[in-house]
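Taken verbatim from Swiss-Prot:
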| type | residues | note |
| --- | --- | --- |
| REGION | 1-172 | region 'Unknown' |
| BINDING | Arg220, Val221, His222, Ser223, Ser224, Gln241, Glu263, Gly264, Arg265, Thr285, Ser320, Lys325 | GTP binding site |
| BINDING | Cys225, Cys236, Cys238 | Zn(2+) binding site |
| ACT_SITE | Asp297 | active site, proton acceptor |
| ACT_SITE | Arg299 | active site, nucleophile |
| REGION | 375-398 | region 'Disordered' |
Amino acid sequence: MNTPTHTHPHPFGSTATIRCERAAAELRTGRPVLLIDAHTRRHAVMALDSMTAQSFTTFANAVGNTHYLFLTPARSNVLGLEAPQGARIPLATLSYDSLVKLAYLRQPTHPTTWVPGDIMDAAATEITRLALLLPAIVAAPLTHHTEHAFADCQTLDLTDLDTAAAGASTTEYELVTRTPVPLRDLGMSEFIVFRGGIAQRDQVAILIGQPDLSSAVPVRVHSSCLTGDLFGSLKCDCGDQLRHGLATLKALGGGVLLYLDQEGRGNGIAAKIRAYGYQHVGLDTIDADAQLGFGPDERRYTGAVMMLRALGITRIQLLSNNPTKVERLRAAGIIVEQRIPVIGQITEQNEYYLRTKVSRAGHDLDIDALIMTSQRPQDPSETVDGETVKSIPKTGHA
């Protein structure tokens, strides 16, 4: 059995973070991972998102039909289950198609037999998060009769996840490169690329103008949104917030925009587009994510904090409508002296989304007031593909 080694006699020994990354890569490619807890219990786990009907059958046969489906608390709640630790649902009598419906269908048949999840399931779910997969797990406890089938699989001790998580909050991000880039309407900027965290993803800081780093620096912490930032989606206000945020940084004499690789509130682009499908049938953005097993906001701001510290910034004016973001940055040691609203546009397509952010995520926007103060004769700039757009003033108080 491929048991993890925690002492490294040579300079290229594995670390907890590297073992977590390898486990995430294995799940993403549709292979099982073995988890070991403090009592040496072994569980084989696979991510349903990367399974096929064939691999499901192979897994079931290998574990002697002792496998179960683990659903997160968010998805369990959708199914009407009171399961604050998530729910394990036995699969011995369920087909692959039935399993998929139970994990993802909007109105599935509710399971009658289940037990609460435990630390193994929480660990497996965390690995799927690292892999940007949907958090539904097919797993089974192993015995000496069944573990031989998984002899070549990646093994991960649960303590590795704890160690990696603890290290993520203290490990500095490496500054990889920086260079000037001229931007339309903004003049010369500087793009600074950092690398760090689990999966060693590249994150970008954009320095606008010449801010005084000894004072409270204007900062926009912006999570990537492919559909809104790049393609101008009308379903959200992300693209507007990006562009208006950059313009505000310039107007304030300079600042920093942190562009974080956290698509879909940290769930990934595939999950985001899947959630759009649920929104098309009437669910709001938070309930749509819950259908897939996600909480209201899976984003983490450790990377943002590390980047600010690397730039020598500890005091900021935060451009955001989200008080929770202020709280998280303050909890990490960043002094947020002021929150400045970032106002975008309301369209017929994104008004429900914005109201949901206010009513369910605590964002600070008076949407009705903003609509009332923006009524004026329509001009050609206020239409997009024939759709009327309600412009919100780019300045003012939210």
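Glycine residues also receive a Cβ, built from the backbone N, Cα and C atoms like all the rest.
Values in this document were obtained by computation on a predicted structure and should not be read as measured data.
Mean model confidence of the region 'Unknown' (1-172) amounts to 91 (pLDDT, 0 to 100 scale). When Cα-Cα distances from the residue listed as 'active site, proton acceptor' are compared across the binding-site residues His222, Ser224, Cys225, Glu263, Arg265, the shortest belongs to Arg265. Classification of Cys238 (Zn(2+) binding site) by DSSP places it within a helix. When Cβ atoms from all protein chains are considered, those within 10 Å of Glu263 (GTP binding site) total 21, not counting its own. Here the C-alpha separation of Arg220 (GTP binding site) and Cys238 (Zn(2+) binding site) works out to 12 Å.
Measuring Cα to Cα from Arg299 (active site, nucleophile), none of the binding-site residues Ser224, Cys236, Cys238 fall within 10 Å. The residues near the Zn(2+) site, meaning same-chain residues not in Cys225, Cys236, Cys238 whose C-beta sits within 8 angstroms of the mean position of the site's C-beta atoms, are Thr227, Gly228, Asp229, Ser233, Lys235, Asp237, Gly239, Gln241, Leu242, in sequence order.
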